[in-house]
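A quick write-up on the structure given underneath.
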Amino acid sequence: MVIQKEKKSCGQVVEEWKEFVWNPRTHQFMGRTGTSWAFILLFYLVFYGFLTAMFTLTMWVMLQTVSEHTPKYQDRLATPGLMIRPKTENLDVIVNVSDTESWDQHVQKLNKFLEPYNDSIQAQKNDVCRPGRYYEQPDNGVLNYPKRACQFNRTQLGNCSGIGDPTHYGYSTGQPCVFIKMNRVINFYAGANQSMNVTCAGKRDEDAENLGNFVMFPANGNIDLMYFPYYGKKFHVNYTQPLVAVKFLNVTPNVEVNVECRINAANIATDDERDKFAGRVAFKLRINKT
């Protein structure tokens, strides 16, 4: 014979919950006395306090082994990569000459990007250095901080400087300037005491034909040794990366051209197929004209 359990009324359930929360007979709150709750809270306070202290101690010990100026491990950044400006999502530089809005965003980005290179700012913050040699600033047992940086003046970019330029870096006339910059790598040396230079070309034969002529600023795409080595963001507070500007003069209109630019230096490998940005950068250039 099945014995049916008597169903509690709503009032009984409420009373049981009220008694669980606070039992006036035993003076228990949610099943525990005040003393029991005090011991529980004290235990967790000590437990989590100990964990926090252990975490803080281990972090402090670890930070004593790390320099705040130079990363401890840099082997993954042995070869600097190249990037272009104006910065676009897919490295596509598309210009519709007759459509101002299509290239005005590029012009605004370049204005902002080149602002730190203004000659007046460079003269105020950085040094005039001797070209053709590394600008080394060793500590010699005493922290040499901050490091000084060499001037890279905007006027060195010639017709791509954008100074008093009614063509807006050439974008309004279909002769755009694209800027090549080398990513910063701490304590990087070009090797063989020879200046580096950037070269650009079409990736395929048809790209080379459609690319046409171009000029580089500084001349021959040179990057002088005096801008190296780089000592890090905290050491080299006012460091400005050297740039190479490429002005494309007569790209075949309405055709997508694949361009690849490489940095040429004694110890930079540009043929690593696993890293498409090691010492090189590829981008697409299209000049639309109606």
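Yeah, the Cβs are placed from backbone N, Cα and C, and that goes for glycine too.
What Swiss-Prot says about this protein:
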DISULFID  C129-C150  disulfide bond
DISULFID  C160-C177  disulfide bond
DISULFID  C200-C261  disulfide bond
CARBOHYD  N96  N-linked glycosylation site
CARBOHYD  N118  N-linked glycosylation site
CARBOHYD  N153  N-linked glycosylation site
CARBOHYD  N159  N-linked glycosylation site
CARBOHYD  N193  N-linked glycosylation site
CARBOHYD  N197  N-linked glycosylation site
CARBOHYD  N238  N-linked glycosylation site
REGION    193-290  region 'immunoglobulin-like'
TOPO_DOM  1-39  topological domain 'Cytoplasmic'
TOPO_DOM  68-290  topological domain 'Extracellular'
TRANSMEM  40-67  transmembrane segment
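Across the structure, C177 (disulfide bond) and N159 (N-linked glycosylation site) are spaced 9 Å apart at their Cα atoms. Nearest by CA distance to N96 (N-linked glycosylation site), out of the recorded positions N153, C160, N197, C261, is C160.
If you look at the transmembrane segment (40-67), the same-chain residues 6 or more away from its ends with a CB under 8 A from one of its CBs are 32.
The Cβ of N153 (N-linked glycosylation site) lies under 8 Å from the Cβ of Y117, D119, Q122, each of these being in the same chain and 6 or more residues away along the sequence. Closest to C160 (disulfide bond) by Cα-Cα distance, out of the recorded positions N118, C150, N197, C200, is N118. Secondary structure of the topological domain 'Cytoplasmic' (1-39), assigned with DSSP and counted as helix (H, G, I), strand (E, B) and coil, comes to 18 helix, 5 strand, 16 coil. Nearest in space to N118 (N-linked glycosylation site), taking C-alpha to C-alpha distance over the recorded positions C129, C150, N197, C200, C261, is C150.
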